[in-house]
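The following features are taken from Swiss-Prot:
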ACT_SITE  His180  active site, proton acceptor
BINDING   Gly12, Ala13, Gly14, Phe15, Thr16, Gly17, Asp36, Asn100, Leu123, Thr124, Asn125  NAD(+) binding site
BINDING   Arg87, Arg93, Asn125, Arg156  substrate binding site
MOD_RES   Ser149  phosphoserine
Amino acid sequence: MGNTRKKVSVIGAGFTGATTAFLIAQKELADVVLVDIPQLENPTKGKALDMLEASPVQGFDAKITGTSNYEDTAGSDIVVITAGIARKPGMSRDDLVSTNEKIMRSVTQEIVKYSPDSIIVVLTNPVDAMTYAVYKESGFPKERVIGQSGVLDTARFRTFVAEELNLSVKDVTGFVLGGHGDDMVPLVRYSYAGGIPLETLIPKERIDAIVERTRKGGGEIVNLLGNGSAYYAPAASLTEMVEAILKDQRRVLPTIAYLEGEYGYEGIYLGVPTIVGGNGLEQIIELELTDYERAQLNKSVESVKNVMKVLS
């Protein structure tokens, strides 16, 4: 029998990339190649070896390799991009754009060269614009270039709702639309706890507070850490997307997808409900929006477009 093991490459061996690599290996979803720049090759190899040495204790079989050589990523089923400079306190997302766009373009050229059939999942911020940059640089079909923010934003929303109601997070579902920023749109109407609409369980002013905290969720953690940004929940969110693709689960997940007329928008990457499976983006789900939700989404789209203007 030939080698049927799946292969996932994670570009960027910082906190998020390394945690993602570990979670993917731990769940035995695939063998993992962790990649960073040549100056960081030894620390990257060290992290990979450290994870590998956890495998007998955790009881997982997966190869984990650290490298700065993209040849090692050849034939990846999925490539996850977490590389880029991090956002520091007081730094706007737009400050990140030019630097991270250059990184996206160079990384994407390597992905196209060594894994031309891969599906790319982008996490690097500002993620809507960075996913667009990767899509344009790769020449891949839109189904094979998707961004992660909605799974994370929705996870934050679900966490805060579960805390508010003192319920299991497993029983809370929700959806967050739009860009990954202060203008994201948590769709409360489509959010439930144990199948019961949230609006019947939580007073409006508490829901509004939860929505606001969700919007500021990334910033809250940046401020608490004082140095760096969230990585456990982002890595868990990436891993959920990777699992949905590798196992062809056809999960309904909010992802950053390329719109061609859906929701009335054209030629833009935006967070929308999607079906994620073996081909990557299987389908975009169009929800009926109220005038208020539509206005909020328009505002979110304008924010994304303003960031995209900075792209070369």
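Placed from the backbone N, Cα and C atoms, the Cβ positions cover glycine too.
Structure with Swiss-Prot features highlighted.
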residue	record	Cβ within 10 Å
Gly12	NAD(+) binding site	25
Gly14	NAD(+) binding site	20
Thr16	NAD(+) binding site	27
Asp36	NAD(+) binding site	24
Leu123	NAD(+) binding site	30
Asn125	NAD(+) binding site	25
Ser149	phosphoserine	28
Arg156	substrate binding site	25
His180	active site, proton acceptor	28
For the residue listed as 'active site, proton acceptor', which of the listed binding-site residues (Gly14, Asp36, Arg156) have their CA atom within 10 A of its CA?
none
Could you state, as a whole number of Å, the largest distance between Cα atoms of any two of Gly12, Ala13, Gly14, Phe15, Thr16, Gly17, Asp36, Asn100, Leu123, Thr124, Asn125, the listed NAD(+) binders?
17
At the level of the C-alpha atoms, what whole-angstrom distance separates Thr16 (NAD(+) binding site) and the residue listed as 'phosphoserine'?
13
In whole Å, note down how far the CA of Ser149 (phosphoserine) lies from the CA of Asn125 (NAD(+) binding site).
9
Round to the nearest Å and give the CA-to-CA distance linking Ser149 (phosphoserine) with Gly12 (NAD(+) binding site).
17
Taking only the Cα atoms, work out how far Gly14 (NAD(+) binding site) lies from Arg156 (substrate binding site), in Å, as a whole number.
22
Just the number: how many Å between the Cα atoms of Arg156 (substrate binding site) and Asp36 (NAD(+) binding site)?
28
